[in-house]
Each structure stands twice: as C-alpha cells, then as structure tokens.
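Features of the protein shown, as given by TrEMBL:
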- 12-32: transmembrane segment (TRANSMEM)
- 39-56: transmembrane segment (TRANSMEM)
- 62-81: transmembrane segment (TRANSMEM)
- 101-122: transmembrane segment (TRANSMEM)
- 196-215: transmembrane segment (TRANSMEM)
- 222-243: transmembrane segment (TRANSMEM)
- 297-315: transmembrane segment (TRANSMEM)
- 327-345: transmembrane segment (TRANSMEM)
- 370-389: transmembrane segment (TRANSMEM)
- 396-416: transmembrane segment (TRANSMEM)
- 436-460: transmembrane segment (TRANSMEM)
- 472-491: transmembrane segment (TRANSMEM)
Amino acid sequence: MDAVEWVDALPALAAGLGVLIVPGAAVVVCGWGLSLKRLLAAPALSIAIAAVGATLAGAAGIAWNVLTLAAFSLILMGVAYGVRRYARASGDAGVSQHAPVAARAAALVGLALGATVIGWHVSQGLMGPGVFSFTYDDTVHLNAVRWAMEHHDASPWFIGSVSKIGFYPNGWHSVASVIGLAASVQPIVAINVTNLLIAALVWPASMLALVWTLLRRRPAALVAGGVLAGAFVGVPYSFLFFGTLYPNLTGYAMVPAAVASALWVGEASGPRDRLRALVLAVGLAGGTGLAHPNAFLVVVAFVAFIVVARLWTDVVRGRSSMSTRRAWFITGAIAAAGGVLWLATRTHWDWPSWGGPARELWEGLAAAPYRMPVSIALLVLLVIGYASVGRVREAPALIAPFAAALVLFVVGAGFASENILRNIIADPFYNDPWRLFAILSISQVPIAVVGAVTVWDLGLRLLARVPRGREALTRIVAVAGVGALVLVANGPTVAAGVSSMQSVRTPPATGGYVTADELALMERLDRTTDSDALLIGDPQTGTAFAYGISGRHVVEMHILGDLTADEQYLSQHLAQIDSDPRVCQAVTAVGVSYALDFGAVRLDFDLGTDKTYPGLHDLTPGEHLQLVDQEGPDARLFRIVGCDARAAA
C-alpha cells in the first residue's frame, strides 16, 4: 500500500475544506447574512451545490473541475442575493436577530470538539490517506472517482456508466473528484480526505443546525450536540466499515441540516420570507437526494412525522383553531403522499435480519448494533433523555422521528425476511439493518443531547446552593462536563466501529476478496503494462480494482452489468486461447491486451447474478499467454500476444 501519511495529504485536506465550506457559506451569506444556524448547514449545502453543478455540467458538456464549481457557486450566490432582496422588499425578512454570543460561542466550541473527536477516530480507522477498503461497494466507488477525474465528468449518468446503469447518485463522487482534481492527488487519497471531512465536518455541523433549531440555541445543548454527534456508531462510522457506503454516509450526514431547513420554512415571518426559506430547504433536500435517495426518504419521513406530531399536539392542547376533521384530513394527505413515495422507491433487496424483535429493541435503545459492546456512559445519557424529553418544548419534534426510526429499525433488523410488514416499510432501505440503524442514530443524537442538558441543569440547581465561589465552581464543572462528553464520544461502541473500519482496510495474506499479494501486483501495473493496456479478469476476485489503483483500464469496472458477446466469450474461454481460434477473434474485437488471474477465491457475497468466469481462471503460459508478473502463488498477470496475426489469418 502507498505509505502516504496524513501530513502528506494536507494540500488535499485544505482543498477539501474549501470545497465543503466556501460554496455553501457564500450562498448562505448572500441569501441570509451572517446567520450562524444557517452557516452550520453550509457544508451540507456545499455538497448539494457540487452535486447539482456536476449534473448540469455533464448535461452541458462542460468539464467538471474546481473552476466549474466556483462559477456555479457564483451564479447561486446571485440567485440567493436576489431572493433576499425580494423578501426584504416586502418587509417579510423582518429585523435580523443575531443569536446571543454565548450560543454562537457554544456552537463553535461544539463543532470544534465534535470535529476533533470524529476526525481522530476516522483518521485512525482509515489507517492513512493512501489505504483503501477492498469491499464490494468500493469496487465501483474507487473506479468511479478515477473515471470522473480522468474525464472531468461527475454527472449521475456518467458515474452510473461505471457499473453500466443509467443513473447513480453523484453527491459523494462530485465532491471526491473535484477535491482530487483541485489537489492533484490520486483517487484513493481524494476518497479518504472526502470521507474524513464529511464525517468530521459535514455531519457534526449538520447535526448542530438541527439541535440549534429544536433546542432553541441553548449553549449547553450546542456544545453537547457537537460532541455527541461523534458518540454514535451508526453515523458516521458504520458506513465506513459496512459496504462500504460512501454515498449513504454523505446523504445521512446531510439529513439533519435538510430537516432543520424544512423547519425554518415554518419559522419564516411572511410569504416572501417563507419563499426564501423554501429555496434553501428545497436545495438541501434535493442535494440530499443526489447524495443518496435513501437519505431523501429520511428527510421526508422525519419532516412529515414532525409536522403531524406538532399539528396534533396543538389541536389536542387547544393551541390551534384547526378542527379535528381538518387535522385528520391533513394527516391523511401526508400519509397518502408518503405511501406513494415509499412504494415508488422500493429496492427489492433483502438483507438478512440480525435477531429477534426483543434483542433489536435493546440494541436500538442502547445504540449498540450487531452485538457491539454497549457504551454505558452513552446509555445513561440516552436513558435520561428518554425519560425527560417529554418536558422539552419541542418534545413532539424530538419524539416523533425517534419513535418512527426505532420501529423501522426493530422491524427491519428483528423480523424475518418473509415478514410482510418488514417488506412494506423497510424495503426502500434494502431491508438493511445497518442503514436502518443509522437512521435511528440520527434521531438519537438530539435525545442524548436532552439527557446531557438535563444533567447540566441538575448540576446548576445544585450549584445554586453553594454560598461562595459559585461562579468559579460553575466554570470548573462546565469544563469537567465537556471533558465527560468527550469521554462519552470515546466509548467502546465507537472503538469497535473504528476497529471494524481497520479490518476492511487490511487485505489478508490469503482467502480474501483482495489479498495482499493481489494488491501488490495491481500497484505495479503502471510499470508492468503499457499505458493504453486493457485488462480482463474475473471482477469477483478483485481484478476490477486494477483501474482505480493503477489507472489501467479493465473490461469490467464493477461486478454487475452486462457483457458484450465477445466479452462473455472471453470470460468463458480465454484459458483455451491456444486451441480455440474464436478466442483470438474476441480478444481483437474487445481490444484486450492483458489478463489477470487472481485464483479461485471470490467475493463472499450473494450478488444476485449468474455470471461466471471459468475462462479467466487457471491460466497457463503458452503461445498466446505470456506470464509478465506474479506475486505469491495466486496473483498473476499475463500478456496476450499473437492474436492480431491469428485473427487476420
């Protein structure tokens, strides 16, 4: 593996910070001024801007790079400023109200601490910017980033062409590719830098935007929100060891900001200001969908549950003049629209459940999935939060998404595959317990924050009884409390997640999807093959990674996807090249010049495909196959020779 250290990746980190902060922050300032709660959503908005910008650039035939991103950001800055002027012209925008200094300072402290804690864990889990995860999903992600960087196109259909599908959500790929291009680094470095910054910057900032909105900018809540964003393994850590699911990581990191922006629409002071808020909400929701459709579903579901919960709370408590009949009508309309969306996004995937409902209820409530160790300190905060959340002013907005996410997780992770209810409500999320657990984690962070604030308020009441030195003692307790929160975010559940991240980034000596020998051979391909080489190999043995690692093109950049007739013939018969003239004809038609044989060990994963590659295994040197390189007993590279003359004959 490339021995790149994080210090070597500082230029890429700087470029990444620019890509993830400047576009969104500039648009927010032009449209809303120096509003800190909206600036907390700026990193998520930057991803949305990159995703939409890359999509439009691809459609227009414009090269995707940092200049294109800057130009598109300038256009959106003008739009945001125009919308701001439109709102101000009617007086809807109202008087600008700056948050108290204490709230702003607390948010910045919370963000800094959360970024530090998460950044440390993720950097340890990634094992360096030059180390990669050799898992099923990474087959396409590594190749897609190199593909986008080489061709300056990160549009959804161009990214989809890597796996031979018409459309693939491009939020993550647009950011990773533009960071790689801006910093002139290898795709692997760009990918690791992107994941580190999404986890350590986008996610805690996004969560703080939601905590600010739901808990009324309380300083204690804002500090706790930033730190506790790093205490849950569901987001961001699980997506970096399961899958690995980088687009899901991106989309789920954006969810809190997108939900918060939708709630800001209801806080607007008039029709034009509401339109201004709606522009931001639509932009964030759409960008979240371009990161991953699953994440868009979460945004819609959370907002819908919050709206309905608030509606009925006001009706039942007499705070609204709305009739019960009208409330039922609105609830039914929201449910019907949500049902249509749910049915339209079915995936027909069936990941196995983890255990029974009782076990998964416990794992969900304890925030410790799949037999991972329980963090007792986090569990204590959660229990306090569960017990006290009903007394919070925004209780409906906190409880409704959590309750829905808990039910979804318990059904998806705890019910059998053939269960009808499971297939109805969990199918849009691939019936995948890990994705469902991540949704639950998003809803649990504010609950844990409520628990932390409850403990802080109790401490303040106790300190009020101290006759002397109360102010100094309060400061000491505050510092100790922050330290305790940092310890909570370093619990055993997170440690297990970091260990799992490391395990998928360490190729085994033998028996893995990609072994250490195979990796070593692929890292030499830029020296052992011609620059215009086209390689063929069984992608289910890891040969597809050859393109992303070395830049040498391969017949299949992903495991799934259809083959041409000639490609199919080679996959079945290349081993018979010396005796079957048809093989050389197929070699010439496809343009293949090298073959990779990585032995018999294939990806241990049900792909739902019947493709086989018997012709690409057990290759032996002969008239048309020359052994060029070998690492260990199973990783071998062959040059295909003599086919032009034979095909002509």
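A Cβ is built for glycine as well, from the same backbone N, Cα and C atoms used for every other residue.
No curator has checked TrEMBL annotations; they are predicted automatically.
Between the transmembrane segment (62-81) and the transmembrane segment (196-215) there are fewer than 3 Cβ pairs closer than 8 Å, counting only residues 6 or more apart in sequence, so the two stretches are not in contact.
Proximity of distant same-chain residues to the transmembrane segment (396-416), defined by a Cβ-Cβ separation under 8 Å and at least 6 residues beyond the stretch ends, is recorded for 214, 259, 263, 301-302, 305-306, 308-310, 312-313, 353-361, 363-365, 369, 389-390, 422, 425-426, 429, 431-433, 436-437, 439-440, 442-444, 446-447, 450. Scored by C-beta pairs under 8 angstroms, the transmembrane segment (196-215) has its highest count with 436-460, from the stretches 297-315, 370-389, 436-460, 472-491. Below 8 angstroms of C-beta separation, residues 36-37, 40, 195-196, 199-201, 203-205, 207-208, 212, 217-220, 222-230, 236-237, 240, 482, 485-486, 489-490, 494, 497-498, 501 of the same chain, each at least six residues beyond the ends of the transmembrane segment (101-122), sit close to that stretch. Sequence-remote contacts of a segment are chain residues at least 6 beyond its ends whose Cβ falls under 8 Å from one of its Cβ atoms, and for the transmembrane segment (327-345) they are 293, 297, 300-301, 304, 307-308, 311-312, 315, 424-425, 428. For the transmembrane segment (222-243), the partner stretch with the most Cβ pairs below 8 Å, chosen from 297-315, 370-389, 436-460, 472-491, is 436-460. Per-stretch counts of Cβ pairs under 8 Å to the transmembrane segment (436-460) identify 370-389 as the leading one among 39-56, 297-315, 370-389. For the transmembrane segment (39-56), same-chain residues at least 6 beyond its ends with a Cβ under 8 Å from one of its own Cβ atoms are 19-25, 27-29, 62, 64, 68-69, 72-73, 76, 107, 111, 153-156, 169-175, 177-178, 198, 201-202, 205-206, 208-209, 212, 250, 253-254, 257-258, 260-261, 280, 283-284, 286-288, 290-291. Sequence-distant contacts of the transmembrane segment (370-389) (same chain, at least 6 residues past either end, Cβ-Cβ under 8 Å): 228, 231-233, 354, 363, 395, 398-399, 433-434, 444, 447-452, 454-455, 484, 487-488, 491-497.
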